[in-house]
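Please read the structure below before turning to the comments.
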Amino acid sequence: MSDLDGFCQNAFSDLNSLNQQVFKANYAVRGALAILADEIQDDLLENPSSYPFSEIVYANIGNPQQMGQSPITFVRQVLSLCQYPTLLDHAEEKWFQNLFPTDVVQRSKMLLKESGSLGAYSASQGIPLVRRHVADFIRARDGFDCEPSDIYLTSGASHAARLIMTLIIARPTDGVMVPAPQYPLYGAQIDLMSGSMVSYSLSEENNWDIDFDQFKKSFDEASKKGINVRLCVVINPGNPTGACISENSMEKVLRFAKAKGIVLLADEVYQNNIYQNKFHSFRRKLGELREKEPDNHWDQVSLISVNSVSKGQFGECGQRGGYLDVVNIPEPAKDQILKLATIDICPPVAGQLLVDMLVNPPKPGDPSYDLFIKEVDEIHEALRLQCRQLYEGTKRMKRVSCLEPHGAMYLHPSVSLPEKLITTAKAQKIQPDEFYAIELLKRSGICVVPGSGFGQPEGDYHIRITFLAKGTEYIERFVKAHNEIMDLYE
């Protein structure tokens, strides 16, 4: 008998032999509730009368086009020609001219010339022309210099954050400060990298701004435990809170980072989802401080900012386009960021073209400008209205309080859960807010994310719900089901 006739169990036969950091990592936005929602949706297809609703409302994730947001015409016209350039052979025909304005044709030809083809690899750092346009956009937005060499195109903001955290987290005692409540991507990535998460609280009493005294306390306590805080994540506008960080808090964080040698990672993907005031980037605030205090070592503050085509008025989540830009990063370290990008080969080229259209949209006088502005304004106003409608709905819900968000796509209401519900949940070894969310899903078909998935303190109960769904019917379902749950357990 040959020694190759038998078999030996492989790595997947013993779960304990696999990377335990993967088992530890948790991404609540697409966790157990989302899986249950999919199962219920499948049940509804087979038996439409099995639940007191006809479809699931996926209010657990910021996925605008899934919830009915229309794509921007200019964006899809350019992508159409780039995906199927043979159409350009018909540019002189009437039907073509009715479908594709001249600036769409010009942009498509320019992008095809730069990329070669959407099916071809690009440079790992991204298409040079697109990076130049990103630098121009940042320069115009903030009023301070930005170079194309500081721009790295990515397959979304999540990829951008992962690149930076992969490079910075080198050992288990390397700490990353993350806001609480936090977007769970960061906690999951820290777990995967075997790093240490250091939570700092946002103040619900102060519109979810940074509680700076607690921020410093979190750093000090981590340091006493031997954790070397190397990176701090700031999310502006906030996810899940929808709040904007005040300029005063921005300055405090930048000064603290300078004093303690901490790299800042600014997640600014919701910069076009602001419903009050205007967006102020961390990059701009750093530039203002450097201009105001030229001899105060501001060139020692390393800042990475990320943006994406998934949010804002584009809502192109599935296309996977984004970028990171770096400030005050030494060239040898930038080389290592590029090395990590090279390992991934390149971001999706279609996503890179979307980034170009995000930062370099039609301008006044261009044939596509009027329609582009009309669509962008309509989407922005629709989101503002949907935000207001859902916020007003929370006022009719028992044991709920909610701050009106200033940005992003979410409400983060506080729910004072009845003691009977908490006891029932704990008896079933389920987090109380998750138990509530399951009850809500089964009664209303609305899928939300329990606050425990965002790192909320023990005994503090919230949910995150998007306001991307159109109309008010789902709000009535939400209010009715919530109040039924409260009545049942009070």
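Placed from the backbone N, Cα and C atoms, the Cβ positions cover glycine too.
Here's what Swiss-Prot has on this protein:
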BINDING   ALA157, SER158, TYR183, ASN239, SER308, ARG320  pyridoxal 5'-phosphate binding site
MOD_RES   LYS311  N6-(pyridoxal phosphate)lysine
* To do: Could you check the recorded positions LYS311, ARG320 and say which one's CB has the fewest neighbouring CB atoms inside 10 Å?
  => ARG320
* List the Cα distance (Å, whole number) between the residue listed as 'N6-(pyridoxal phosphate)lysine' and ALA157 (pyridoxal 5'-phosphate binding site). => 10
* Winner by Cβ contact number (other Cβ atoms within 10 Å) across the binding-site residues SER158, ASN239, SER308 -> SER308
* Rounded to a whole angstrom, what is the largest C-alpha distance between any two of the residues ALA157, SER158, TYR183, ASN239, SER308, ARG320 that the record assigns to pyridoxal 5'-phosphate? -> 19
* Tell me the Cβ neighbour count for ALA157 (pyridoxal 5'-phosphate binding site), meaning other Cβ atoms within 10 Å of its Cβ, over all protein chains shown. => 25
